[in-house]
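Annotated features, as they stand in Swiss-Prot:
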type	residues	note
BINDING	20, 60, 87, 129, 130, 131, 132, 133, 134, 135, 359	ATP binding site
DOMAIN	439-553	domain 'Toprim'
BINDING	445, 518	Mg(2+) 1 binding site
SITE	470	site 'Interaction with DNA'
SITE	473	site 'Interaction with DNA'
BINDING	518, 520	Mg(2+) 2 binding site
SITE	525	site 'Interaction with DNA'
SITE	641	site 'Interaction with DNA'
């Protein structure tokens, strides 16, 4: 027993250093800190982090455009997986820097953290840039980077590798009409690995979003890489109506409550802000979202500009309700107004202040009130000029508010005596552990499967919720249908975390939510409906990694009193072949018609025991792409569903033909 912890002791001794002196202090110079800890600068080394590099370079070109010095930005994706981003702006300065007389300003910008023109209000009134660290981070994390600057009939160019200078600044003659900056780079596989590359669809959508945010810029797009059908080889991207064009491309007109988008574009010299917005309301909340930006940089956590917009909408609607004598508007809250709203908001200000390194939330003071006043003035006019629209909106919001207030009056759910308080038709069998850590909720269909699962579970950590009634397709249902559906009510009450904008992850009662359906086609259909529900109603739950799919077996094979399980036809064939070769004994094959047919011990051993089961984790990597697929496959329009199935069938057929040995 005395040796039981010897390994840990030895390990601990190695870690402790009693001679802590100056030599233990590691000093990283130049761009070394970026290469050593890339996550501190771009948030990681995954695919999303890699695309931050594109954002940084593109934001620099956008700063030139917003400042009025550039009108055209070019993005070209090359076959070698490098990317070139160019603009026709002023071009990065190439004269020697006052603090570094032996270096050009270009070299200083590329090799020094926190350098660049955007820190001076004399150069840019408004500026973006992802982390304020400049193109130097891109240079540090690029396997190769080449920069070209066109100025006054000259071409200046320089090459770098992994942040280190390869060549001196070279000057050549060039046509006088050419001006601006061009950067070509490829991410370093030492940092990001050699299996991920820039995603054309992701970069194309980024380019489109930037063009929407500043209507004065045209982006020339070219892609040499094979991409999905919705990514063109070449395109000119320009949106003269800005965010209104963007919102129009995101919504389905048939679902709108209002026939008109509430939009505006105002520049206030007095307040020092430029504000643009576009808002519409739909019949259900499945497509609701808020996207906000400051100086073309996304602010997913909102901030003071969003606060101003929300106050303007709430004040405007309450004022209109009071004007028309509708007393029920007094109960309105901002969550009622935003429940089914699709909102895009963009603000340009000088010297913005953000929370955190990644600029995800705007915290600049003096922004909220001007934004509120500007938007409210326009909203008041919008409502008073469109009485029919205004009254429809008011009725819609009041209905949502009444539903919210009714739910608020329900008793708080506790684990103790949960079945009585929840009053679930399926009789939730809850676990005894009071904290969410290590707990699991198995969602099954019907009482038969629920009975087997309840007997097979670990009562301390595993809960079982059998859903009764038809699982609703929330992608094609109205908000009224969704909130009145029994299965959805049961599920939302059991999870207790709320949905859509009312989702609170700290209230989620289980660590893992596991969809456990039959292993056949019917089970897959139910699982797809439930996944659609979670994606549209609780996307944050999916993003945070709480949603899983169980993998129950479809077949049971018995040979010589030994039992084996197979998940599908292919696995059954392989297992049969293997057993036939190892023994001549007869193989008996049985097919489970459903989970309810399985004995509790079988269900436990194959599907529910944490150490013996297989789970599929449901993840969200490309939200916009998933959103489109869900809309095509699960939405209201059958022609979209037919087109999706047809395209997938063609892909499958091509694969089969390619695999045929003819």
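Note that Cβ sites are derived from N, Cα and C of the backbone, with glycine treated the same way.
Quantities reported herein were computed from a predicted structural model and do not represent experimental measurements.
Location within the structure of each feature annotated in Swiss-Prot.
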residue: 87; record: ATP binding site; contacts (Cβ under 8 Å, 6+ apart): 61, 64, 65, 70, 72, 73, 74, 180, 181, 182
residue: 445; record: Mg(2+) 1 binding site; contacts (Cβ under 8 Å, 6+ apart): 466, 467, 471, 517, 518, 523, 526
residue: 520; record: Mg(2+) 2 binding site; contacts (Cβ under 8 Å, 6+ apart): 554, 593, 594
residue: 525; record: site 'Interaction with DNA'; contacts (Cβ under 8 Å, 6+ apart): none
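The separation of residue 134 (ATP binding site) from residue 473 (site 'Interaction with DNA'), Cα to Cα, is 46 Å. In this structure, residue 525 (site 'Interaction with DNA') is part of a helix by DSSP.
Once Cβ contacts within 10 Å are tallied over all protein chains shown, the recorded positions 473, 518 are led by 518. Under the three-state DSSP scheme, residue 445 (Mg(2+) 1 binding site) falls in the strand class.
When other Cβ atoms within 10 Å of the Cβ of residue 134 (ATP binding site) are tallied across all protein chains shown, the result is 24.
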